[in-house]
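Written below as structure tokens is the structure these notes are about.
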Amino acid sequence: MKRGFYRKFAVDCIRKNKRMYIPYILTCILMVTLFYIIQALSTNSNLDMVYGSEAIRYMLKIGTGLMIIFSTIFLFYTNSFLTKQRKHEFGIYNVLGLEKRHIARIILNETFIVAVISLVCGILAGILLYKLAYVGLLRLMDAEIPLGFEISKASILYTIILFAVIYLILFLNAFRQIRFSNTIALLRGSSVGEKEPRSKWLLAILGIVSIVIGYGISVSITNPLAAFGLFFLAVLFVVAGTYLLFIAGSIIWLKALRKNKKYYYKASHFINVSNMIYRMKQNAASLASICILSTMVIIAISTTLSLYAGTDNVMKTRYPREVNVNAYLRTANYSDRYFDRAHTLLNDIAAEEGVSVSNEIYVTALGIGAQQEGDTFLTDESGISVNVNNICSLIFTSADDYGRLSGEQPVLDKNEILVYSNTGSPYPYDSLSLMGEEFTVADTLDDFPEQEAFSANVGLDVYYVVVDSTDTLLHLYDLQTNVYGDNASSIDYYCGFNVSDMSKSETIVKQFQNRYEDTQTAFEQQAGSGLEDGSELLSVNAETRSGNRDSFLSLYGSMFFIGIFLSIIFLIATVLIIYYKQISEGLQDAKRYEIMQNVGLSKENIRKYIRSQVLMVFFLPLVVAGIHSAFAFPIVSRLLSVLAMGDVKYFIYCLIGTFAGFALLYIVIYLVTARSYYKIVSK
């Protein structure tokens, strides 16, 4: 062979198969571009100047890892498809005298050409678009946009190494398919699997059962802790069930249509059902992949968008007032004096700064984690690990604090309590047993004021319990200390208020932190032996809502950014699978429609039958993806509650909006690919 023969041959092969290679090369370029951008962002030194840079880098590194995984899987899938479509071509080369090692060299040169084009164009595009992506990320986080332009040499090198390895894997996989196929198998190529598949009822039933199990997990889970552990299990069941149901169930469905004589013996139905039933084995797998990828796009965008859009709502939940102070005590001694001193100091500093205080609240509470069994709440650590679904939180406060918050002072005897449940239904029992103490439920409450002041909304079942006095509260603290030891909850004092001038809220907080530490030392010296070397006070934490907004925007903004990136990948995969599916089916159907044209079928009828056939299966993945997304809502909303996303309406709006937008895009894809299919079969 002359020098350069294989390279020229490879170029001719790519040119001849441009209908399949151009989308593949464009996809490779886009993958390289996206990877370079996210890798360069994760190593950008300027991010250190952005508030919450550690969280941003962490999210970007997660995104980089996911990009590597999905890029490899997706390119492997598309390259395998290309190789399968060209097996007939390779078989002809083999018949004409080219040995498999010669074919391997052609494939190697093709892979090398695609790699060079995609790396050069992808990295150049990544460098050009990097600044735009960086500005977009900073805008999502409401951060300052620096001047200048940065090219990450390390990211360029990392991108080249990664995709060089990926292309090597792609070549080895393509060579494996050729190496272990005989000439006859190569000549048959993509026609393999054209015989009518059998109805596989067992697989169809397994698919239905698997999906029902996945849906059941999502719907039945109410505890976010359990949701974390079972989310991926539910996903695996739904994914497996989707593939089984599309592969086996679609064949059963088509054969049922064929048995329906009124439906089947119509020209358009006869042609479409006959065509699909013979190649549904490979067609169904593609449809299932489209369905899964569509679901991933919808969920990825809707969840991250809802978090970002609901940032202000999250801030109000996490920080009930503009200025928020929490003091945590290890023991009950001197608790009132600690808390009174903090409250007085805050008001003094606000007065010194010349700002007026409004909407002030202050409350003392004790939170205890337990496992509920009826009216008994277990605090034994070995018992709690048995069933995370029953884990709940008990928030205790005194009657005086409740009266100050609600404006209605309750009168309770010793061991009498008021109970409010955030589960949506009243506490159903007449008593409550905890750590050997038996409490009588005097009344159940329809609402509880200022719930956010007691605990951040983490999605757990929470019982707000009003006890008769502070003494009972401190007694419960001592009891739970004996149970949990060093892991015991602290007594939590919360003080919060809004200020007339929000620009001074950070100053108030900083002054409080400094002056509280100074007065704490003096107080402990006065307390003398009552304190154990100052260890009674665990910590004092003062924060502002506006000051922490940047931190949450950094986290949720970077998550939304990663969600957009991953959705682009899933969307590209969806579009390419649809495109290749239509092209491969068009090539297979061309001869059939040519025969039909020869016996009198008009082009108008061909277009009509094509539209009917494509509509029959094309929108099935979209419908199923919508159903999957709807059933994913319960478990995903539980996961979002852990991130303080207590108001699910944002997720509902984003889920509906994302599905509607994706459906419109899906229709556009349908119109474009259906036209390509028609052009092939009508020639």
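Cβ atoms here come from the backbone N, Cα and C positions, even for glycine.
Taken from TrEMBL, the feature transmembrane segment covers 21-38 (among others).
Residues annotated as transmembrane segment in TrEMBL: 58-77 (among others).
Residue counts for the domain 'ABC3 transporter permease C-terminal' (65-182) by DSSP state, with H, G and I taken as helix and E and B as strand, are 98 helix, 0 strand, 20 coil. Taken from TrEMBL, the feature domain 'ABC3 transporter permease C-terminal' covers 65-182.
The transmembrane segment annotation in TrEMBL covers 111-135 (among others).
Same-chain residues lying 6 or more positions outside the transmembrane segment (155-175) and placing a CB less than 8 Å from one of its CB atoms are 31-32, 35-36, 39-40, 43, 68, 71-72, 75-76, 79-80, 83, 104, 107-108, 111-112, 114-115, 118-119, 122-123, 126. TrEMBL lists 155-175 (among others) with the feature transmembrane segment.
Long-range contacts of the transmembrane segment (201-221) within its own chain (CB-CB distance under 8 A, at least 6 residues past either end) are made by residues 227, 230, 233-238, 240-249, 252, 389, 631-635, 638. Residues or ranges marked as transmembrane segment in TrEMBL: 201-221 (among others).
The annotation transmembrane segment is assigned in TrEMBL to 227-254 (among others). The list of residues near the transmembrane segment (227-254) in space but at least 6 beyond its ends in sequence, with Cβ under 8 angstroms from a Cβ of it, reads 197-204, 206-215, 217-218, 221, 273, 276-277, 280-281, 283-285, 287-288, 291-292, 388, 617, 624, 628, 631, 635-636, 638-639, 642.
According to TrEMBL, the transmembrane segment annotation covers 284-309 (among others).
Residues or ranges marked as transmembrane segment in TrEMBL: 555-580 (among others). For the transmembrane segment (555-580), the residues of the chain that approach it from at least six positions outside its boundaries are 20, 23-24, 27, 30-31, 34, 38, 52, 55-56, 59-60, 62-63, 66-67, 70-71, 74, 77-78, 81, 136-137, 140-142, 286, 289-290, 293-294, 296-297, 300-301, 303-305, 307-308, 311, 314, 618, 665, 669, 673, 676, judged by C-beta separation under 8 angstroms.
Annotation source TrEMBL lists transmembrane segment at 614-635 (among others).
Annotated transmembrane segment per TrEMBL: 650-673 (among others), in sequence order.
A mean pLDDT of 82 is what the model gives for the domain 'ABC3 transporter permease C-terminal' (65-182). Only residues 6 or more beyond the boundaries of the transmembrane segment (111-135), in the same chain, are considered here, and those with a CB under 8 A from a CB of the stretch are 7, 10-11, 14, 21, 24-25, 28-37, 40-41, 44, 145, 149-151, 156, 159-160, 163-164, 167, 170-171, 174. Beyond the transmembrane segment (284-309), the same-chain residues lying 6 or more positions past its ends with a Cβ under 8 Å from any Cβ of the stretch are 77, 140, 239, 242-243, 245-247, 250-251, 556-557, 559-560, 562-564, 566-567, 570-571, 573-574, 577-578, 580-581, 617, 620-622, 624-626, 628-629, 632, 636, 640, 643, 645, 650-651, 653-655, 657-659, 662, 666.
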